[in-house]
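As recorded in TrEMBL, the features of this protein are as follows:
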REGION    1-20  region 'Disordered'
TRANSMEM  83-104  transmembrane segment
TRANSMEM  110-129  transmembrane segment
TRANSMEM  136-157  transmembrane segment
TRANSMEM  188-208  transmembrane segment
TRANSMEM  229-252  transmembrane segment
TRANSMEM  258-278  transmembrane segment
TRANSMEM  374-395  transmembrane segment
TRANSMEM  415-438  transmembrane segment
TRANSMEM  459-476  transmembrane segment
TRANSMEM  502-528  transmembrane segment
TRANSMEM  540-561  transmembrane segment
TRANSMEM  586-605  transmembrane segment
Amino acid sequence: MVASEIKSPVSVPETPGSSSVHHRKQLSVFFIESDNRRLALGRGYTGGTTPVNIHGKPIANLSKTGGWIAAFFIFGNEMAERMAYFGLSVNMVAFMFYVMHRPFESSSNAVNNFLGISQASSVLGGFLADAYLGRYWTIAIFTTMYLVGLIGITLGASLKMFVPDQSNCGQLSLLLGNCEEAKSWQMLYLYTVLYITGFGAAGIRPCVSSFGADQFDEKSKDYKTHLDRFFNFFYLSVTLGAIIAFTLVVYVQMELGWGMAFGTLAVAMGISNALFFAGTPLYRHRLPGGSPLTRVAQVLVAAFRKRNAAFTSSEFIGLYEVPGLKSAINGSRKIPHSNDFIWLDKAALELKEDGLEPSPWKLCTVTQVEEVKILIRLIPIPACTIMLSLVLTEYLTLSVQQAYTLNTHIQHLKLPVTCMPVFPGLSIFLILSLYYSVFVPITRRITGNPHGASQLQRVGIGLAVSIISVAWAGLFENYRRHYAIQNGFEFNFLTQMPDLTAYWLLIQYCLIGIAEVFCIVGLLEFLYEEAPDAMKSIGSAYAALAGGLGCFAATILNNIVKAATRDSDGKSWLSQNINTGRFDCLYWLLTLLSFLNFCVFLWSAHRYKYRAIESEEDKRSAVL
């Protein structure tokens with residue numbers, strides 16, 4: 001075996017009373033590199049994160065590819081995807097209730113589950129991108145699937161054969177449940193095309209932000225600035241898609257019907273697909289690094305197999321890594337050893353018994369072990385954003401029900417209730433527009449950070465503002481409920497109160513919009529920078545997974561609250577009659593949960609250790 005040994009632990013005697021901390025500190029110098037690893041993994045190793053063209057060949061002239069021009073093609077795809085996503089989320093509940101004649105609660109839960117599955121299954125898209133397809137082809141395949149699903153939904157809303165009979169089905173008949181129910185095959189068709197759309201979104205979501213960030217040169221001195229601005233502009237495109245969904249699509253539905261509304265989403269998606277493919281010659285690509293789940297499994301199996309091996313044993317040669325400047329993992333730089341999760345280091349424990357050609361299920365490189373450590377370290381941060389997603393999901397239903405009881409007129413213009421969620425989008429648009437001219441200069445003086453605030457600080461600001469938003473929502477709902485009772489509207493929950501404007505809801509909407517822009521933009525940038533090179537899409541999928549779990553958590557919380565607060569008359573905090581229910585108590589509960597979640601985030605952020613990137617000088621000295 002040809003190897004360059006940095007230090008052998010054989011000469012380090014184990015003294016009585018030696019602490020595990022001492023052993024942990026020594027691990028960073030117990031390091032060996034071997035040429036055998038190239039054969040053990042079954043492939044050679046590449047030049048780290050070197051960008052390639054669509055054919056997998058190195059790009060001769062980087063100045064002709066990537067950059068902001070390529071990123072804008074990607075922005076267009078994301079804007080259309082978000083437009084379709086929010087267009088479905090705001091219209092599908094009403095479509096199921098008014099057209100398919102499903103109960104409102106059943107329709108709401110079905111759409112919540114659709115939103116949750118489409119986000120939670122983003123891990124699948126991230127896995128395929130990082131393991132086999134690459135981000136470009138994953139987006140290309142799933143955005144086409146998305147378009148097919150939207151066309152199917154449009155046909156379902158346009159052709160009478162896919163919907164139940166609408167005759168003799170007025171407002172009263174709907175409320176009493178006397179309308180003809182949808183046939184089982186009609187609901188099966190709707191759910192099929194809806195979930196085709198959901199899985200299309202799941203494949204796109206974890207890849208688009210990472211693929212856009214891939215267009216910028218890591219070696220550029222302005223890379224950090226470009227990356228910071230990219231994620232802000234990326235979320236701006238998300239916001240524009242949401243604003244269009246909450247305004248134009250709602251208007252088309254009211255004036256031209258459901259078929260035209262869903263058709264508008266399909267047309268927008270078709271145009272964005274064409275623009276995305278038109279930008280193909282400009283894109284920079286990263287080679288997929290092989291199955292990340294396989295590499296994670298190899299580390300866990302190897303660590304378990306050597307769980308009883310000691311780092312001070314005479315059989316211990318060193319921690320295992322390939323020689324040279326490059327990692328054994330396609331598309332990944334070497335990752336320096338860290339002292340966290342020491343039990344995982346057993347997977348890289350090189351013993352004499354491993355032989356000349358060790359199996360990757362018995363021996364892994366330090367970089368491979370560090371990938372798993374990074375994935376574990378990342379988990380608490382996106383997990384703390386599940387609470388924000390839960391609050392956003394509750395707002396989509398609770399705030400709309402509040403708006404139905406309030407006056408939505410602006411002078412002589414009456415805004416549809418379904419347009420109310422546009423206001424968080426407008427606040428996000430305003431914040432992003434003023435971010436660099438107002439927020440960054442002010443916070444730079446306070447923090448000394450050239451970007452105003454670090455990614456984790458921005459996530460923390462977002463979570464803190466979300467607490468204020470939901471607390472205000474509880475205060476206003478308490479006032480609104482007492483006003484309705486005192487003015488004779490207790491049992492008229494479908495009647496608007498003319499003297500109480502819906503624009504009091506703008507405070508909680510705008511605050512949650514501010515919370516979202518700080519938290520989600522900071523989280524996306526944080527996950528992209530901290531995720532392992534060959535797992536960028538998996539890292540981005542963490543954010544989508546947190547969003548999906550928030551949707552599921554909202555449904556679970558609502559079911560628990562209904563069961564726990566139901567009285568002998570069948571009333572609960574979440575009664576269909578909002579004026580006899582206690583939405584304000586639910587908001588107070590969300591405030592408490594959000595505060596506890598914020599405390600957990602502060603603890604997790606304080607303990608988090610940022611990923612170290614090995615410099616070229618460090619790499620060269622490691623093999624001398």
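Numbers here mean position along the shown chain, with the first residue as 1.
Note: Cβ is positioned from N, Cα and C throughout, glycine not excepted.
A TrEMBL annotation is a machine prediction, not a hand-curated record.
Non-local neighbours of the transmembrane segment (229-252) in the same chain are 71, 75-76, 78-87, 90-91, 208-209, 212-213, 216, 260-261, 264-265, 268, 416, 418-422, 425-426, 428-429, 432, 435-436, 517, 520-521, 524-525, 528; each lies 6+ residues outside the stretch with a CB under 8 Å from one of its CB atoms. Only pairs six or more apart in sequence are counted, and the transmembrane segment (415-438) with the transmembrane segment (83-104) gives three or more Cβ pairs under 8 Å, enough to call it a contact. The transmembrane segment (502-528) shares more Cβ pairs under 8 Å with 459-476 than with any other stretch in the list 83-104, 258-278, 459-476, 540-561. Packing against the transmembrane segment (83-104) from elsewhere in the chain are residues 110-111, 114-115, 118, 146, 150, 153, 157, 163-164, 166, 169, 174, 177, 179-182, 186-187, 190, 194, 197, 201, 241-242, 244-246, 249-250, 253, 258, 261-262, 264-266, 268-269, 396-397, 418, 421, 576: each is 6 or more residues past its ends and has a CB under 8 Å from a CB in it. Residues 74, 77-78, 81, 84-85, 88, 92, 96, 100, 110, 114-115, 117-126, 128-129, 135, 138-139, 141-150, 152-153, 156, 162, 182, 234, 537-538, 540-541, 544 of the same chain sit 6 or more residues outside the transmembrane segment (188-208) yet have a Cβ under 8 Å from a Cβ within it.
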